[in-house]
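> Mind having a look at this structure? Questions to follow.
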Amino acid sequence: MAVSSAPGKVYLFGEHAVVYGEPAVPCAIEVRAQVGVEQRSDSKLRIHAEDLSLDGFTVEYGGTAGSPPDVDVSESLLTAAMGYVDVAIEHVRDVTGEDDVGFDVTIESDIPLGAGLGSSAAVVVAAIDAGTRELGTTLEIDELAERAYQTESAVQSGEASRADTFCSATGGAVRVEGDDCRMLEAPDLPIVVGFDGGAGDTGQLVAGVRSLREEYSFASDTVEAIGDIVRKGERALERGDIEELGRLMNFNHGLLGALGVSSRSLDSMVWAARNAGAHGAKLTGAGGGGCIVALDPSDETETALSYTPGCRDAFRAELAETGVRRIE
Ligand code: PMV
């Protein structure tokens, strides 16, 4: 068996706008998905994930007595997560030229699904890495990131940027603009995450921004304005100017709100963080529900979030300096 893990991420800047060619700056965090892949003697694919098991096309889901699902997510979301693994394994077969090989795949993830922390990217990166290593091939990080991106893109019908998968493969803070991805120098950021217990539908939210952009010119201007914030944010990151980073994150959140992708619980958590003295706070990822990211070196934001109605969980997240980790 080969086991790899890969980190989730927060968007410091640029989600949604990145879909239209603006840059984005995601940053990997030490919250990981771990995937074990073991070759089978037949050509079947069996996927085990906590309360979910998937064998061929049969999905069984439901908390067993005494071990209810940890996170409130719908069955369809979990099924979708398994769809990513299916395509990831196709890439493993393609890379190694072993078309008929079957696998047992075990997923353990601390990253809430569909909540803006890059859960699917982390699972895909770890699955491709462990799967190829199980067959004796170790991929270069660039190829791993490329294969992981192709996987997300196929599952999301072409509506995926390279941001999540590249960041999860490399770790650290990265800059993504179209096909151009690179790592950035970043200081140790005081990241706090707030999670509302829910999830947004990335496809629907991306489609919503697309139609808003077609109908209203303010929406395309907003996307461009987000691009300007990202460029300023990159420079602030390189200078290690946390105050300016926070201010720019606040602006970015306001613009995402104008694009209609925030929600009451995300806004409540953002305001709770700001009132607690965070340098800045914004939603991360597609929005609609899920997580916010705040910058606060003190414990105030985490404490305030834990009392904020609508916040299910709040935690400090270290920047993940390593991306994919080869465990076994
Ligand atoms: O919610 P996430 O982590 O899947 O992020 C989606 C980010 C978008 O910019 C909205 C879409 C994308 O693929 O970049």
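From the backbone N, Cα and C atoms, a Cβ is placed for every residue, glycine too.
So TrEMBL has the following annotated:
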type	residues	note
ACT_SITE	ASP164	active site, proton acceptor
BINDING	PRO112, LEU113, GLY114, ALA115, GLY116, LEU117, GLY118, SER119, SER120, ALA121, ALA122	ATP binding site
DOMAIN	84-172	domain 'GHMP kinase N-terminal'
DOMAIN	235-301	domain 'GHMP kinase C-terminal'
> If H, G and I count as helix, E and B as strand, and all else as coil, what does DSSP give for GLY118 (ATP binding site)?
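Reduced to three states, the DSSP call for GLY118 (ATP binding site) is coil.
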> So which of the binding-site residues PRO112, GLY114, GLY116, GLY118 sit close to ligand 1, that is, with a CB under 6 Å from an atom of it?
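Near ligand 1, sequence order: GLY116, GLY118.
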> Using an 8 Å cut-off from the Cβ centroid of PRO112, LEU113, GLY114, ALA115, GLY116, LEU117, GLY118, SER119, SER120, ALA121, ALA122, can you name the remaining same-chain residues around the ATP site, in sequence order?
GLY8, ILE111, GLY285, GLY290
> If you run through the domain 'GHMP kinase N-terminal' (84-172) with DSSP, how many residues end up as helix, strand and coil?
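Secondary-structure composition of the domain 'GHMP kinase N-terminal' (84-172): 52 helix, 7 strand, 30 coil.
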> Distance between GLY116 (ATP binding site) and ASP164 (active site, proton acceptor) at the Cα atoms, whole Å?
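If we compare the Cα positions of GLY116 (ATP binding site) and ASP164 (active site, proton acceptor), the gap is 10 Å.
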> Same chain only, sequence gap of 6 or more: which residues have a CB within under 8 Å of the CB of GLY118 (ATP binding site)?
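In sequence order, the residues whose Cβ lies under 8 Å from that of GLY118 (ATP binding site) (at least 6 apart) are PRO7, GLY8, LYS9, PRO26, ILE111, ASP164, CYS167, SER168, GLY285.
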> Around SER120 (ATP binding site), how many other CB atoms lie within 10 A of its CB?
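I get 31 for this one.
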> On a simple 10 Å Cβ count over all chains shown, which one of the binding-site residues PRO112, GLY114, GLY116 is most densely packed?
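Output for this query is GLY116.
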> For a quick check of packing: other C-beta atoms within 10 Å of the C-beta of ASP164 (active site, proton acceptor), how many?
30
> Please give me the CB contact count at 10 A for ALA122 (ATP binding site), counting all chains in the structure.
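By my count, 34.
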> Would you report the average pLDDT that the model assigns to the domain 'GHMP kinase N-terminal' (84-172)?
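The answer is 93, the mean pLDDT of the model over that range.
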